[in-house]
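Reading through the structure tokens given below for one structure.
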Amino acid sequence: MTKQVFKTVFAGRELVVETGQVAKQANGSAVVRYGESTVLTAATMSKKMATGDFFPLQVNYEEKMYAAGKYPGGFNKREGRPSTDATLTARLIDRPIRPMFAEGFRNEVQVINTVLSYDEDASPQMAAMFGSSLALSISDIPFNGPIAGVQVGYVDGKFIINPSKEQKEVSLLELTVAGTKDAINMVESGAKELSEDIMLEALLKGHEAVKELIAFQEEIVAAVGKGKAEVELLHVDEELQAEIVAAYNSDLQKAVQVEEKLAREAATQAVKDQVTAVYEEKYADHEEFDRIMRDVAEILEQMEHAEVRRLITEDKVRPDGRKVDEIRPLDAEVDYLPRVHGSGLFTRGQTQALSVLTLAPMGETQIVDGLDPEYKKRFMHHYNFPQYSVGETGRYGAPGRREIGHGALGERALEQVLPSLEEFPYAIRLVAEVLESNGSSSQASICAGTLALMAGGVPIKAPVAGIAMGLISDGSNYTVLTDIQGLEDHFGDMDFKVAGTREGITALQMDIKIEGITAEILTEALAQAKKARFEILDLIEATIPAPRPELAPTAPKIDTIKIDVDKIKIVIGKGGETIDKIIAETGVKIDIDEEGNVSIYSSDQDAINRAKEIIAGLVREAKVDEVYHAKVVRIEKFGAFVNLFDKTDALVHISELAWTRTNNVEDVVQIGDEVDVKVIKIDAKGRVDASMKVLLPRPPKSDKPKHHHDKGHHPHKEYKGHKDHQESPKTEE
């Protein structure tokens, strides 16, 4: 295969695709150059069908630090585990690709995206999604694409496709939409309380752009695409299927309609165990025993799948007896835990999430170092899904892709209503512990997070609630479901999560198992979700009407002071010596930003006050006409040096000690004396002159002695300064 290059212009940037030059041993590969971002995508497929009961698709998105001209950190100085952003991007690509493989396809497929060069204004994520679809489409892997995806922004009332970094910073919308040329099949979004109408329009605008990219892919596939390989699909024995359906379908139908989750699972499992036992005995000596028993398990799964869908589409009956637009029973509680900074427990049917709030100084914020310039992340929402939440045993360890994705969705939903840093200078962490799950646990974590924030006194702009919508589709006949449970998610065609306030949507996420959904279905799903969201908000507001006016007693208190930027070095000191001393002495935590905002944190208000006093003293400046209670620290023949405060001294010239003539300074003051002085002058070098006599009653004019000073004498002429501060009595570290 020889190198071929295809070019177009998309969203104002050149899009270049190269094939036939690199990674030629993969089933399909492409280099996508978008702006100055370059992504290599390679797609490969195993030769044989995998043995599991699912399609083993793996999508990776690898960020190479050299792509942004950055040197890796850490001891090994090389890339380690994927960043959170890389993990989320891999999920973003996986989700629209997965539905495009045939039912029963079980060969392992890997799609590896490597970012080779990075342009922050030309999304490598969208280039990787384009490259993933293209590499699969031009390969011999039986992929029913192509698909494509775009980012959509909303600035000044206009939609922008693949916005630049600058445009993203002011956009009210951060939307990724993917799909085929006929329909949308994946959505991921955060929004600043936008209406359903605006969100729907954004989705449709995005899909129009997707169609352009698909047309470009089809042109490339026509030129360099391979013929598709013949692969074995998982098929069950039709005679065996007919036999099992005839004998056991009525039993399974009854089991599926048991309303309570655990009882329903027990009933369906009992039927499956009965059937399995019968056929294990019947075919115990058969040479294809393993294949037959695999078919039995698959047939039983298909029977349960078909019955759940039939009940909903034909009888309009859900497994737990609810109406199609009915929410499960709701419950909300705040202050579930003592000592923590805030907590909320939210229950929807058999799905339950506990959210716990922790507030910290801004110095505790997460530092994110990826391809973008290093930045600090103020708000984190972490989601944990232990196996006991579904009554099972299983793996424990670091969070997987699903947990990272669900945490990020909650983070997007809630960060839109957080107060600004100026209003609330804290780092904020929410942890959602899923205690029970029967579907829609990510949305329960959002509701619990709202409760925890409000209980903890975080002044959010409005409460946020989330709901998961489902879809059962049979050709033109479809049913949109409100608040889907686990069974409906597993056997349904769509998981459409919508979170927001009463004013509008703050987050969207959609995954589907069919090839796409129409604008009509999206409109209906958004309308039903709004109704459900308002019902949940009613409960949240009844539980806690507004954020509490004060933080929890255990939360760190904060006080802020503003200092001049040129004084920052005084407070920090050489090598951090001064600020470390303040922290050690008072037990507080101190953050100073580049604009001179000093934030002091502690659970002890007295410690905060002491630290403020020390810092104020460090940056304090003497002012003309101000009076100070000072201490005499040095005596010279021309006057006395007094300490006004901290490291600021002033000279009281001998002529300013008293109204009467003074021949000897020590006749008026001694070292260690405390005196009141008034600042009368500060010269260009910051040297301070003060007077004692101006604060004393002036004697009658006739008694006033005549002073004869040398012509042109300045009180600082003979000033040599303190031991370590020769230049000026005003000193800085």
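Glycine residues also receive a Cβ, built from the backbone N, Cα and C atoms like all the rest.
Bear in mind that the values here come from a model prediction, so they are computed numbers and not experimental data.
Here's what Swiss-Prot has on this protein:
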- Asp489, Asp495: Mg(2+) binding site (BINDING)
- 556-615: domain 'KH' (DOMAIN)
- 625-693: domain 'S1 motif' (DOMAIN)
- 691-733: region 'Disordered' (REGION)
- 704-723: compositional bias 'Basic residues' (COMPBIAS)
- 724-733: compositional bias 'Basic and acidic residues' (COMPBIAS)
In the domain 'S1 motif' (625-693), how many residues does DSSP put in helix, strand and coil?
7 helix, 36 strand, 26 coil
Secondary structure of Asp489 (Mg(2+) binding site) (DSSP, helix/strand/coil):
helix
Go ahead and report the DSSP secondary structure tallies for the domain 'KH' (556-615): helix first, then strand, then coil.
32 helix, 16 strand, 12 coil
Which whole-number mean pLDDT does the model give the domain 'KH' (556-615)?
92
